[in-house]
Each structure stands twice: as structure tokens, then as C-alpha cells.
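S.K.: Can you keep this structure in mind? I'll have questions shortly.
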Amino acid sequence: NGAICIQPCSPSFHGETSFVCEDRKWQMLSDACASLDVQSLFQVRIFEPLSCSGGHGGAVGEHLPFIGGGKPGHGKPGDGAKHFGAGNHSCQADFSCIIPDILSSPVIPGNIADIVELLKKISLQLSENVTREKMQSYSRIANHILNSSIISNWAFVKDRNAGSILLDSVNLFAGKLLLRNGSESIQEPFIATKGYSIHRNTSAKTFDFSMDFNGTGNITGQVLIPEEELQRLPRASKAVSVAFPTLGAVLEPQQRDPAVVSGLVLSVSLPEELRSVVLTLGGPGGRARGARCVGWHSLERRWDARPCALRALGAGAVMCRCAPRRAYRAFSVLMAPAAPRSALLALLTRLGLGISVLSLLLCLLVEALAWRHVTRTRIAFMRHLCLVNIAAVLLVADLLFILAAIVHDTALNYRLCVAATFFLHFFYLALFFWMFTLGLLILYGLLLIFFKITRSAFLAAAFSIGYGCPLVISVLTVAITEPNNGYLRSGACWLNWYETKALLAFVVPALSIVVMNLIVVVVVVVKTGRSSFGEGCKSQDLNSMIRVSKNVALLTPLLGLTWGFGLATIIDSHSLAFHVVFALLNAFQGFFILLFGTLLDRK
């Protein structure tokens, strides 16, 4: 009992089939045999010119995503040219070149898994400018594996999370749908998509769906966005809803749940400012007794009763009020165009900012108590002045980050969000310019030993750089972008990226200062290491290495070098790993400043 047997597929398929021994009989566990080849259907940003093609070729960097052809591994090189040449433009416009291969393939578990993977790749990498034609092709592909006649085959798909992945992929792709003339409607038998333009001056908006359910009659669904919710919108936006009559059967919870989905699964893509929608769901034959309102939790792979509440139970219909889950703003949103929603990222942000705030309060308390003893020399005074200002502005910036997340997720007041973003921008810029001032002070101490600078001259220069430059940048940013509603991004009280690139007003100064402070650290390493290395015994070389390492460890948080990792989140904003590393390095910056800047200072 429990033994696993794995067998290869027949020669015309690739993959394997798994069986498990139960009650002295082999029962099929999963079937990964497939006739499709996702890699041959999908290829991102590269076009392979074919020698027999009569049309125009392509090159790396062009957005020609698909390569056509017959069945995988068959045909001559020239066969694939029939799909391309002069006709390759239609493929990149609506994905039409892959439709025949997919719709003619058998809907076996292995092919289902491959098509789910294909749709996921399209959603992640080709979801810019989703036209009606693209959405139609996407829906036809999804409809092929959601047909009620083959839905039982999902039970043998190897990845038990495939249904949830499909739902997330469709949500992401449909959410980017371009609306012509303010609305769009795309209907397939087993997936229907509707989108509407919405703004604060419109009345309540409804999406109505009616679809066949396993031949037992029509099931209905309605999404209602109440008028009071639309009043929260700062600008014109859009809402997209997708209905699935059969998806509920393949969304497999991680733990067994006796409840079954007896109607539509409704997915709604909304502007972040909206806090709730009303869903009305009707099942075939008037089966509403004992119904519950639930939302699918993709991360935990289960039905979750928390987002939805039952409002009314009528004859054959259930009315639910659902609120989307709000994720705590990820710290990496400061640098990245977008931050993925992740429980781990939210936890790191909360934990890091909490520890950072407490550490900075303790740092300022220690500096206040020891101020007279540690500022007796001119250089020491200048250094500790920079340290105190770095700690103070970072403390205020971290508190504002927490406040901005609360403001967005509770009050959702546009003007309050603009104010929070302005001060958040100013104080995080002030952090970088004070770290830059400290870097200049270190260079002054190393290279300009005989050049004296008075306290008054230093104070004037330091405060001009530390607060003057951030004030100019933040005021200019809001003055240029806010009149056209391009200051804030959708989904957070922070600088816009996709429309106006206002985020560059933070990213460019911050990364420029990181580069300059990195040069400072290199100078420190050269200066402190050059005089000792190779001139004495091995113990002296070791001591010199330890001293250099201590200097680097001390200066890294004080000069903000770890913020340089923000470049990775800009280049690939979809990588959760990059965002996690960024949060680990920078959300805890206050703690590292307390440790290296204050507690390890012998004075």
C-alpha cells in the first residue's frame, strides 16, 4: 500500500504516468503525458528566421513571441514558414498562430498542464496592451481546457495547484484589457469576460453573466460596484470581471473541504481604491439553501470566508458583499515600479520597519545622552551631526511609510495620500542626501587633512545639501506631475511609474548617491589597507584585513550602499526573491545604524 509506480508514455507523447498502490490495485495518481510542446509554441522576444520564409525576418528584441509549425518534432524546416513570412504580424497581434495546434490537441491531463503553463507565460510576459483580439485568443485557449466534458481529466493533472495558477493567470491578463468605447465583452461557453470604464461621476455599475452549467440549465452572476464605492476613485479607471462556470470543480483546496462550488466563479479586477463589491450568484434549479460566500485564497490554496459576507439569500440566488484582501505595502515599492503581493514580503516589511523604528529611537536617545562626550573635537562633532540627522530623517521616513500604507488601505483620501507621498518622498531623499554629506565628510577627513573648515561653514553646507536639495526635488516633482493626476501610482501612496515616471525623481538621486558613496568606501579601503598590506608579518596583514572589513561593515549601512540592490527590483519587478532581499537589506537599516553607528562606537 502506498507504493508508487512510474511508467513512460507511448512513443507519440512525452512525459510519464504515475500510479499508486491502494487496496492491492494500481490507481492512477497523475498523468503527465502530453503531445504539446510549450517551448515550441512560446518564445519571448526572439524570432527564428526560417530559410524558406518569403516575408520579413526578425531579430532579438523584437516582440514576435510565437513560432508556428505542425506537431512537435515533425515536418521539414520549410513547413514552419507557412505560418510566418508575410503572416507573422497577425501572430504577434492576436496569438492566432498557436490556436490551431492547441484546439486540435487532445485535452488530456498532460496537455492541460502544458496549456496552463503557456497561459501563465503569456500573462507574465505578454500582457501589455491586451486588445480584444488577444483576449479572444486567450479565452479560446482557456475555454479549451475548461470544457465541462473534459473537466474530470483535471483530477490527474500532476500540479494540484494548476486550477489556481490558471485563475491567477486569467486575472492578470484580463486586468490589462484595453476598453474600446468604454466597454468590452468577450464570451466563450466556459469563460466570459466583461470590462467597463468607471469614474466617480457614474452611477452604480453592473456586470451580468448567464452561462450554461453542465447541461442542467443556466447559472447567473452579477457584479455590482455601488455608487458610494465609485466616489472613491480619484480618476477615470476600469473594472474587468471574468466568469467561470466550471472552474470551481478544479480549484483544489490544499486541505479537503466538504463544500462544493455549485455555480459561477466570479473574478473581479478593480482599482485599488475600491473597497468592496456586491456579487449575486444564482445556481441551476434554485439551489441556494445552505450557500456560503467565499473567496479563493491563491497563496494558501483554500476557500476563505473572510473576504465575503452573506447579505441576502433568496429563491435560487445568493447575494454577497466582498472586499479584496489588502496586503501591507512591501518596502521594495520605494524603488520598484511594482511590488508583488506576498505574505513573506509583508511580514519582512512589518518586522523590519518595527525594529528599525525602535532602533532609531534608541540611537537618538544614546546620542542625546552622550552628545557632550563624543563631540569634543571638530571632526567628531561633524560626524555625529550627520549620524543624528540620518537617524532622525530615517525614523520620520519609516513612520511615514507605515502611515501612508494605513492611509491608503483605510481612509483612501486622495489629498491625504498626496500629502503622505510628498513628505515620504522628501524624507527618504533627505536620508540619502545626509548619507551623501557623511560620505563627503569622510573624504574630507582622508584627503584634505590640512584644509580647515569652520563649524558654521559645515553647518550651512550640510543643511543645504541634507534638506535643501530634497526639498527642491520633491516640490518640483509634485508641481510638474500632480496637475495632470500623474503624481500617485494606483495601489499605493507613492510616486507614479507607468504614466509619468515620477518615481525617477527618487530613484535617480538615490542610486547616484549610492554610486558616489561606493567610491568613498573604495577610497577608505585603499587608504586603510595600503599602508599595512605586504609590509609586515602575516599577523599584521590579518589585522589590516580585519580593520578594512570593519570599516566596510560600518560604512555600508551609514552610507546606504544596500539600497543599490533596488536596481534589481527595477530591472525585474516580478521577482519575489529580489524584493525579499531588498526588504531584508533596507527595512532593517535603522537597526544596523544603531549597531554600527552607535553601539560599536567605543566613545
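Glycine too: its Cβ is placed from the backbone N, Cα and C atoms.
Taken from TrEMBL, the feature domain 'GAIN-B' applies to 198-341. Residues annotated as transmembrane segment in TrEMBL: 343-366, 386-406, 426-451, 458-481, 501-526, 552-571, 577-600. The domain 'G-protein coupled receptors family 2 profile 2' annotation in TrEMBL covers 345-601.
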S.K.: What mean pLDDT does the predicted model reach across the domain 'GAIN-B' (198-341)?
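M.R.: Summarising the domain 'GAIN-B' (198-341) by its mean pLDDT gives 78.
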S.K.: Out of 343-366, 386-406, 458-481, 552-571, which stretch touches the transmembrane segment (501-526) the most, going by CB pairs under 8 Å?
M.R.: 552-571
S.K.: Quick test of the contact rule: Cβ under 8 Å, at least six residues beyond the ends. What residues does that give for the transmembrane segment (552-571)?
M.R.: 332, 334-337, 339, 387, 390, 431-432, 435, 438-439, 442, 507, 510-511, 513-515, 517-518, 520-521, 524-525, 578-579, 581-582, 585-586, 589, 592-593, 596-597, 600
S.K.: What counts of helix, strand and coil residues does DSSP assign across the domain 'GAIN-B' (198-341)?
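M.R.: Helix, strand and coil residues of the domain 'GAIN-B' (198-341) number 14 helix, 55 strand, 75 coil.
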